[in-house]
């Protein structure tokens with residue numbers, strides 16, 4: 001059998017082998033669960049309702065070039081940084097900032113952003129639930145214009161009185177009249193019962209409130225045991241959307257006019273590559289689509305085993321996310337092309353993005369298909385699953401941050417109740433978004449709460465890790481964890497290229513800023529001010545906590561306080577003692593020295609079991625001569641070390657808190 005001293009995990013007889021598992025926090029059941037959860041987190045509603053439209057508006061196939069450039073130089077490096085950051089420390093978005101305590105405000109900023117997104121994201125899921133339920137009928141309720149909520153302007157593509165002349169009117173022959181589709185009136189006048197102003201909340205839409213309750217119950221039940229339960233759910237929620245996408249894709253490309261829609265989506269307009277807006281949109285879409293700076297990536301990676309290859313995972317997940325976006329474009333534009341062909345209009349007249357695509361344009365296109373309720377059920381079920389995959393991680397981010405921050409045994413045992421409390425709070429905060437003015441508030445949160453603040457948070461995180469903690473230290477940490485340092489390309493991206501691109505996104509966002517509007521409704525100044533306050537509320541955490549930390553740090557001068565506030569805390573490093581080697585090895589206090597006895601052990605000798613001196617000698621000529629470094633502060637070695645000595649056992653000689661340690 002293999003001698004105990006040459007075992008890779010450093011175990012000794014009578015001692016449990018190293019399992020690379022955190023019993024206290026828990027781990028993913030296996031690596032597939034982590035990858036699927038991260039794919040579900042990154043692949044969300046934006047992949048379906050934002051990317052295809054951006055691609056079509058920014059040069060079609062030509063947009064793919066800046067999109068993939070930004071993926072390589074910004075998306076994948078940032079993704080790898082956040083995964084490695086969380087995995088190394090096995091902590092959520094607050095605990096990881098032991099690396100430089102002054103920047104813990106970045107973690108609080110991530111929590112604030114995740115809170116905002118979690119509130120409104122589940123409202124979008126609840127609307128998808130509503131459409132999913134009402135699709136369970138023989139005729140979709142938005143097919144015809146003969147309903148109580150329809151207006152005289154309504155013109156359905158399947159109405160019996162729709163003549164060829166009426167179809168031509170769909171192209172807006174005169175500027176004073178515009179066709180209103182039954183799906184749009186169903187959305188605005190029935191589902192939302194939209195009020196005329198963001199300040200006029202009106203009444204709560206009870207069907208939406210009920211669906212919001214269903215959404216939060218589903219999320220809570222899937223997270224009731226943390227990653228142990230959500231890790232099993234993602235086998236379905238992360239994979240089934242691809243089944244639905246494929247079904248809709250096959251159905252879409254077989255329709256007349258589908259090729260026209262796909263050509264609109266893909267035809268390159270190379271002149272647009274020189275447009276800065278195209279590059280800005282590409283960078284922004286990569287950044288927001290991957291979920292960087294939300295705290296979710298750090299949280300999910302914190303449940304990985306210490307030596308997991310997160311470098312490989314980051315590449316797989318990032319590429320899968322972007323490939324899904326491109327694939328979804330075929331699904332969306334094949335159906336929209338068919339609809340445009342049916343109406344005799346240009347594809348640009350039916351193309352839309354955001355809620356307008358998901359709940360107006362695409363549902364209307366589905367009414368043209370045979371067995372339209374089936375396709376509608378599949379489409380909205382896909383939206384529900386895409387949304388839930390992201391929502392799981394948003395809720396787990398908040399719960400993990402709270403539990404890790406408190407850190408005692410009681411709250412770890414009561415983690416389910418923490419999850420329940422956060423879910424109930426999320427439901428109550430989402431109730432105003434189910435009112436008649438709810439869609440105004442939802443879009444306000446979407447445009448301001450999680451926009452430029454994410455860019456600021458990510459930029460500060462890069463600077464804190466690379467330049468305050470130090471790039472050399474971080475590269476050594478990754479080498480210690482993965483067995484190899486980050487590739488040179490990633491080192492350059494982390495230090496120079498990615499921060500520069502993030503800064504470019506920030507400048508682009510500011511330059512391209514336009515006040516928010518919804519269709520013809522212009523938001524009032526006070527509402528936009530609230531939007532800016534939401535954006536500021538996450539960013540302001542960073543300087544406030546930094547000032548607090550500097551004031552509380554030790555030091556006679558401001559400079560000393562600043563240095564102590566930015567210096568990594570003593571408990572920074574791998575969470576499990578078995579991984580804390582090298583500069584993270586625990587130092588012994590002077591009070592411990594008197595309780596330690598040091599003796600050399602040769603390979604083949606049994607470790608000390610009874611009293612010093614037991615164990616037989618055996619040659620170890622096949623082993624290379626070890627190089628020894630005795631840690632400062634320990635008692636002097638009573639034995640000379642030779643090439644035969646491969647282990648030292650430190651043994652307590654009197655009762656005390658120190659257990660035997662294997663060096």
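Any Cβ shown, glycine's included, is placed from N, Cα and C.
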Under TrEMBL, which of the candidate ranges 352-373, 374-395, 550-571 is annotated transmembrane segment? 374-395
Within 8 Å of the Cβ centroid of 40, 42, 43, 47, 289, 321, 386, the other same-chain residues by Cβ around the recorded Na(+) site are 39, 41, 44, 46, 291, 324, 325, 389, 390
Proximity verdict for the transmembrane segment (286-303) and the transmembrane segment (374-395), three or more C-beta pairs under 8 Å: yes
Could you state the CA-to-CA distance between residue 321 (Na(+) binding site) and residue 154 (disulfide bond) to the nearest Å? 38
Name the range, of those listed as 64-85, 106-133, 239-266, 488-511, 523-548, that has the largest tally of Cβ pairs under 8 Å with the transmembrane segment (448-468). 488-511
Does the transmembrane segment (523-548) reach the transmembrane segment (106-133) with at least 3 CB pairs under 8 A, where each pair is 6 or more residues apart? yes
Counting every protein chain present, what is the number of Cβ atoms, excluding its own, within 10 Å of the Cβ of residue 289 (Na(+) binding site)? 23
With Cβ-Cβ distances below 8 Å as the criterion, list the same-chain residues six or more beyond the ends of the transmembrane segment (374-395) that contact it, or say none. 37, 39-41, 43-45, 47-48, 114, 117-118, 121-122, 124-125, 128-129, 131-132, 135-136, 140, 215, 218-220, 222-223, 230, 233-234, 236-238, 240-241, 244-245, 247-248, 251, 291, 294, 296, 299-300, 358, 362-363, 366, 419, 422-423, 426
Counting Cβ pairs under 8 Å that sit 6 or more residues apart, are there three or more between the transmembrane segment (106-133) and the transmembrane segment (416-442)? yes
